Amino acid sequence: MGRAGTGSGGATVAVAVAGPLLLMLLAGPPPAVAGDSRKSDVRLVSEHFSQSPQKLSFYSWYGSARLFHFRVPPDTVLLRWLLQVSRGSSPACANMEITVYFRYGAPPVINPLGTSFPANTSVQSPFFIKMLQSNASINISHPAPGDWFVAAHLPPSSQKIEVKGFAPTCAYIFQPDMLIVRAVEVFILEPNVPLPQTLLSHPSYLKIFIPEYTRELRLELQGCVSNGSLGCPVRLTVGSATLPRNFQKVLTCISPTWACHLFLPSPPGDRWLQVTAKSLAGPHVLVAFRAVAALTACRPWNLNSQHLLQSIPNQSCNASTGLLTPSPGCHGLGRSSRVDGGHFCLVSYPVIREDTDVVSVRFWPADRVPVLVRSATPSVMRLYLSTGMDSGGSLTISLQANKTAITNNTLVAVCVNAASPFLGFNTSLNCTTAFFQGHPLSLSATSRKADLIIPYPETDNWYLSLQLVCPESPEECEQASVLVETTLSLVPCLNDCGPYGQCLLLRRLSYLYAGCSCKAGWRGWSCTDNSTAQTVAQQRVATLLLTLSNLMFLAPIAVSVHRLLLVEASVYAYTMFFSTFYHACDQPGEAVLCILSYDTLQYCDFLGSGVSIWVTILCMARLKAAQKHVLFLLGTLIFAMSLQLDRRGAWNMMGPCLFAFVVMVTMWVYRCRYRRHCYPTSWQRWVFYLLPGISMAAVAIAIYTSMMTSDNYYYTHSIWHMLLAGSAAFLLPPREQHTKPWACSQKLICHYQICKNHREDLYTVT
């Protein structure tokens, strides 16, 4: 049986030094997969595939995981993942647990946060490993050819809001390499033609082509001889290994008295099926046998438009009226097992595929007719999801039965399968085909509706099979029939992630997939988990806190106007206005108001905050008017440029503010040396204004850089607003007491006035 791992018991992880191992495997001859390891198998070749590394992130939603997309070529007998993680050398780079997921056919559906999925969602537990060291490897025997996906992420992110440039960071770089061993000598097993095989040291690789709509595959070993004896120590592994679940079939032939054969119902059609024969005898024991494959064909009756048009005038299968009057046309769909003189095992309804957008498809039955379900044969619809770009969304299936046709003793059994349709409703209802466990549904008189959601469906043809079943009284199903309305679609995000989420299209190289980014405390695959969600009242309180806290800027505005600092007052008014409406637009829930685009409001808020600090510090420096206004304008331009480069970079804002602080300290020191007295000279100024203002500013910086989390953001950021505005009101310098501002000191005969601003005096006593 194909296995993922290095041990014989299942999926185990082999931790090894991936770099030297990769060089050894590529430089040397292809390794022997089975048999005598001292002699390599010349029928095998090795190939190596790699992708550019990606920086890992702490997990908060699906976009946090880094996705890698590989394609495994046909006839691959061994797949080895070489996983490498490199980290920085800073002290913040500690050992971090990295989770790596693997899946065949579609991206892995992961749930690290343990959130709930939407109702009627079918999710398989993903196959994953946790890496605690820098290198690891995983082996998968006989992997399925096609798309394979690897996803990796760091542990779930903390709730703390880190300020870029202040918190220590560490880069974890993840890179998977794919090394495959492929068979170049594969025997073709033709139906009903015995294929002689001889096993000694190495296994034998065979494959058989399975036509579409094959009902059953019978694989048998005949004439098995082991060194002249009648024993048959042979193990056949049929099919390819897939993750997270493996449906390979193993046939072990040991006793010569047992019939050595294997039955596979509904094998995947229109593809090659891999078969590996391995000797269970010693390495030097010769085993000979003949492999015989027999296929049982399933002839579908394709319900084309002509049949539909013929049945509608007879009112036997009319979709608009829902009439189910018995007629020859409708009998041909159900009870009879022959149509036009030929046997058939299913009724195939034609399906129209309509591509509406990226990862967005609708499926329509031809002529929009409902599906007629009978008890004799299944009604099957094929959904084409094999374009290679259909696995990045969610497949939604909605069924509704006619309420007048279904009775208490009848049941519409439904199976949704990939690769091949389920046809065994008469013997079982578990929806299991040869290599796939389907998704069962049912419609009854008490439950006439059924829904199914499959996130990230495998890249393949999907089949919807329906059949009428009467468990208690089978005779009631002979003449009964039920019309079933179908709504089939592939959507990027279910319900567009709802009112508390945003559907985002993600890309890895040329592969596109979608994910939901939730807000307002909602979580889950489609933002339907409200275990940590905010109520509407909490959202409104948060909005009021963040917006009304900006009214504290009225204090520095009033102080600036009273002291005739009109430029400073204008800056504070600008900051108050845009901070208020930015936070009104920034809310994740229903209490949202946006007067401009979100990006514009955010930019203006950040610009106003930085310039407010800039003008406050320069105003405290008591420069001459011309110098001060030049620095005001120059600093504003520098802030505008730096925020455009990196809006959230802490040093883009702190750098100019530190420069202004140096200017202020320089001017204060100059005044102290010139006057030989401390500046400012008044102790009341220090005790009642400067020290409270500096304390408020220090507390505001501490809260902004180290105390904000996602849970307390509404409170801590509101306090930041009030402390920032309050410190500006305390730190603004006072107005001169003995002179009138901008007073005219001399009149010229030409009636012009030479005006002198006494506040420009560097040595004014305050």
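Any Cβ shown, glycine's included, is placed from N, Cα and C.
Remember, predicted model here, so these are calculated numbers, not experimental data.
Quick look at what TrEMBL lists:
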SIGNAL    1-34  signal peptide
DOMAIN    489-528  domain 'EGF-like'
DISULFID  Cys493-Cys503  disulfide bond
DISULFID  Cys518-Cys527  disulfide bond
TRANSMEM  630-645  transmembrane segment
TRANSMEM  651-670  transmembrane segment
TRANSMEM  686-707  transmembrane segment
Cβ neighbours of Cys503 (disulfide bond) where a neighbour is any other Cβ within 10 Å: 20
Close approaches to the transmembrane segment (686-707) from elsewhere in its chain (Cβ under 8 angstroms; 6 or more beyond its ends): 163, 166, 650, 680, 716, 719-720, 723-724, 726-731
DSSP-derived helix, strand and coil totals, residue by residue, for the domain 'EGF-like' (489-528): 4 helix, 20 strand, 16 coil
Beyond the flanks of the transmembrane segment (651-670) by at least 6 residues, Cβ under 8 Å: 165, 606, 609-610, 613-614, 617-618, 620-623, 631, 635, 638-639, 642-643, 645, 679
Close in space, distant in sequence - Cys493 (disulfide bond), Cβ under 8 Å, 6 or more apart: Gly393, Ser394, Gly501, Cys503, Ala514, Gly515, Cys516, Ser526
Of Cys518, Cys527 (the disulfide-bonded residues), the residue whose Cβ has the fewest other Cβ atoms within 10 Å: Cys518
